[in-house]
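Asker: Quick one: this structure, given as structure tokens, is what I'll be asking you about.
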Amino acid sequence: MVGFKATEVPPTATVKFLGAGTAACIADLITFPLDTAKVRLQIQGERRGPVQAAASAQYRGVLGTILTMVRNEGPRSLYNGLVAGLQRQMSFASVRIGLYDSVKHFYTKGSEHAGIGSRLLAGSTTGALAVAVAQPTDVVKVRFQAQARAGGGRRYRSTVDAYKTIAREEGLRGLWKGTSPNVARNAIVNCAELVTYDLIKDTLLKADLMTDDLPCHFTSAFGAGFCTTVIASPVDVVKTRYMNSAPGQYSSAGHCALTMLQKEGPRAFYKGFTPSFLRLGSWNVVMFVTYEQLKRALMAARASREAPF
């Protein structure tokens with residue numbers, strides 16, 4: 001057995017909720033530069049973007065984007081929006097991942113044998129619910145990642161200033177900008193990510209190919225990351241473009257997608273695919289492995305506290 005041993009008592013809903021948020025924050029800390037590179041690549045080619053310095057930069061590939069940002073804006077630019085990103089994960093991942101098992105059991109009426117339909121429904125539900133809770137943090141994160149530090153093109157001085165400025169200039173609706181594509185994206189992402197992880201892990205365990213420990217969690221998470229990136233990239237690009245757009249640039253998420261298709265062609269929907277996969281693949285591995293271990297560690301700590309002397 002590699003890592004913490006599974007406890008006899010299954011993790012509580014609270015343990016899953018806190019464990020998911022904490023694991024997601026750890027994963028974000030490690031993979032955030034890849035996410036920032038993905039955002040810069042996704043908005044590239046958007047000629048009328050609000051941050052011209054960022055939008056007009058010529059980024060080529062993951063490494064090229066990271067090197068260009070470090071050269072022009074300094075290493076700290078790779079972590080633009082990190083505070084909002086961590087705020088997002090604590091509210092977002094806690095709901096979409098931490099509540100997944102509980103919602104799945106609700107749809108299966110407590111049965112241990114969950115079908116693909118119940119898993120998909122649970123993933124869609126928690127993914128959409130998480131967006132409703134965490135959308136403002138996602139908007140601020142994307143705005144920070146998109147803005148360039150060089151050339152005086154910064155839109156916001158701090159995370160708090162970003163929330164205040166968006167609310168003042170665009171109204172409260174501005175903080176929930178892009179909710180529709182984000183709900184669609186996260187329903188898709190959650191289904192692809194959690195359901196694929198669930199299915200791969202169950203298959204490996206039932207076929208006795210692996211035991212329920214770190215190698216199994218690593219393999220399941222990596223496979224889930226690839227499947228999720230392929231499925232979710234188009235709606236992810238639209239979400240990023242729309243949330244970063246100036247007021248009036250696009251009338252809706254659908255208009256944003258149509259404009260991309262007309263001006264840049266179908267390939268635009270897979271801009272930033274490589275950093276998306278590198279980020280999501282590595283993020284999934286770190287998050288799921290950490291999450292599984294945190295659940296076991298927290299339950300072991302709880303058991304030791306409750307054990308009689």
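Along the chain as shown, the residues are counted starting at 1.
For all residues, glycine too, the Cβ spot is worked out from N, Cα and C.
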Asker: Would you confirm whether, in Swiss-Prot, Val9 and Arg119 belong to the same side of the membrane?
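Answerer: Taking the topological domain names from Swiss-Prot at face value, Val9 sits on the side where Arg119 is.
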Asker: For the record in Swiss-Prot, which of the ranges 222-229, 238-245, 270-277, 278-285 is the region 'Important for interaction with long-chain fatty acids' one?
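Answerer: Region 'Important for interaction with long-chain fatty acids', as annotated by Swiss-Prot, spans 278-285.
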Asker: Counting only residues 6 or more past its boundaries, what in the same chain has a CB within less than 8 Å of a CB in the transmembrane segment (269-294)?
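Answerer: The answer is 3-4, 19-20, 22-24, 26-28, 30-31, 34-35, 37-42, 44-45, 61-62, 65, 93, 97, 193, 197, 214, 217-218, 220-222, 224-226, 228-229, 233-234, 236-238, 257, 260-261.
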Asker: Below 8 angstroms Cβ to Cβ, which residues of this chain, lying six or more residues outside the transmembrane segment (218-242), approach it?
Answerer: 39, 42-43, 46, 142, 146, 177-178, 181-182, 184-185, 188-189, 192-194, 196-197, 200-201, 204, 210, 250, 253, 256-257, 260, 268-273, 276-277, 280-285, 287-289
Asker: Please list, for the repeat 'Solcar 3' (212-297), how many residues fall into helix, strand and coil according to DSSP.
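Answerer: Once the DSSP states are binned, the repeat 'Solcar 3' (212-297) shows 73 helix, 0 strand, 13 coil.
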Asker: For Lys141, Arg185, listed as recorded sites, tell me which one has the smallest number of other Cβ atoms within 10 Å.
Answerer: Arg185
Asker: C-alpha of Lys141 (site 'Important for inhibition by GDP') to C-alpha of Arg185 (site 'Important for inhibition by GDP'): distance in Å?
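Answerer: Pair distance, Cα basis, whole Å: 16 Å.
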